[in-house]
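Noted in Swiss-Prot for the protein shown:
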- 32, 71, 159, 160, 161, 162, 163, 164: ATP binding site (BINDING)
- 466-479: compositional bias 'Low complexity' (COMPBIAS)
- 415-483: region 'Disordered' (REGION)
C-alpha cells in the first residue's frame, strides 16, 4: 500500500529475504565440502548420489539434513553429489535472527546462504582412518588376551580439530559394533550437557549428524537413540584456574567412574576410551604439563594423539613415548604408551569469542527448550507424518525460597576479574559492623570449607601421591552463599548435585550432577528466586553449585 505523493510504501514480501535456488555440489573421490553457517540461519543438505559422511557418521541417501550455527565438513570416500538449499531463519536466544527479524544480514553468499563454503581435495581423513584401524587391531588383541582396550588422549592447540577427530574415531568404532567411552575434559563447551561440565558417555549407537554428539535423555521421542552421560560440574573457564586445584580432583573422580564402568562392562573394556581435552593445555602455560600428566596417569592412557603442534609432539615424545602405562596390568603385559603425530585439517578455522558465546548459549537453550531447528531427516527416521520435526521441550517454572536452598560458589578470582563485586542486595544484612565484626554466615560451614583438604576426597590417584601431599594442606575453594539471594544470581545456571546440603566442600566438588536450574529472576526482598527446571516437582534437597564464573550470565533465555 503506497501513500499518495510521498512514494512511501509498507514492507512487502518482495523486500524480504528471498532464498537462492538449490545448488548441486559434486565431490570427487577423497574430497570434502567445507561449510560455515551462522547462528540464526540454516541450510539444508541432501545426498543425491554416492556416499558421504560428516565427522565419520554416514549421511542417508535422499534425506535432508538441516545445519545451523556450525562449521563442518562432509567427506566422501568414493564420490557423491549433494544438494544444498537455504533453510528457515532460526530464532536465537533473544528471539530474533542474528541480524534482525529475517536474519538475512547473517546469511552469506555461498550455497544455501553459507557464510563460507568450498571444496577441498587435500584432507587428513586417510590418516584418521589409519588411526582407527590401528586402534581396532589393539581392540582385537585386547579381546583375545583379556587386556583393556586402548585409552586414547587427544592433544592439540585451540581450533586444531581435536573434537572432530574424537567424533570421527567414535563414529568409526560404533560403525563396527564397538562401544567406546568418550570423555570430554573441556569445560568451554559441553558434550551432551551444558558448558562448564566434564562428562563421560558410553556410545553404543550412531551419533546424530545434525546435533554432533547427539542428545541426552528427554521426556519425548527421539529419532536417534539418546546417550546417558555422567556429568560433573566445573564452573571455571579453563583447567589452569586455581593452579588446577579444582580441576584435578574432578578429573580423578571422573576417571574412577570410567574405570569402574570398564571393569563391569566387557564391551567397553575391550573398546577402550577416547579423551578430548581443552586446547589451553597445549599452549605451554605454567601448570599445563602437570595436568596432562595427571590425565595420562588417571586414565592409564596408552595412545597420545598430538594434532597441529610440533613443539607439543616433541614434548610428549620425550615424556611418554615407550614409557609404561599406569594401568594395573601394565607390569604383567608390558603395556607402553605410544605417541602419534597427526596432521591438522585445512578445514579447521578459528572460532572467535562471539561464536563460542553463541555455542554456549545454544547448548543451554537446547538443554531447557530443545532443538528449535526443524529436521526433515529426523522426521523420516521417526516415521512421522509431518514433513519436518523439531524437539520442543517445556521446562517448568517455579518460585523457590532461597533460605531453603544450599547454594555454593567457588571463591576463585580470575586474573582478569574484579574481586570487588557490588551487590546492593547484600547491604544491611551483614553484621560486619557489629562488635568484633562477627559474622554468623561464616560459622562452622565456612570454617569446615577452609579446613577440608583435597587428600580426603580424591580416591584412586595413581602415581601422584607427592602431588597430593603438596596440596593436602590446601582448602577447597567452595563457600556457601548465605541469604539474601544476590542479584547476580539472575540469568545464571545452578547445578543440582547428588551431595547432601550439608556435605563437606570436597564431597560437593566430587559429586556428579542430577540436573541444572536456570535462575530467571531474583527477589531479594521476598527472599525468592524464579527458576526453570527440566522436570516438574520440588527441587531435591541437595547441594547446589552456582555457575557464576562459568558459563556465567545467560541473558534472554526467558522473557
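Backbone N, Cα and C define each Cβ position, glycine as well.
Summarising the ATP site geometry, the residues cited as binding it (32, 71, 159, 160, 161, 162, 163, 164) extend over a maximum Cα to Cα distance of 19 Å. Long-range Cβ proximity for residue 162 (ATP binding site), meaning a same-chain Cβ under 8 A and a gap of 6 or more residues, is found for 154, 155, 156, 276, 277, 279, 307. Taking the Cβ of residue 163 (ATP binding site) as reference, residues of its chain lying under 8 Å away and at least six apart in sequence are, in sequence order, 186, 276. In the three-state DSSP assignment, the secondary structure recorded for residue 160 (ATP binding site) is coil. Within 10 Å of the C-beta atom of residue 71 (ATP binding site) sit 19 other C-beta atoms, taking all shown protein chains into account.
Neighbour count (other Cβ atoms within 10 Å of the Cβ, all protein chains): 22 for residue 160 (ATP binding site).
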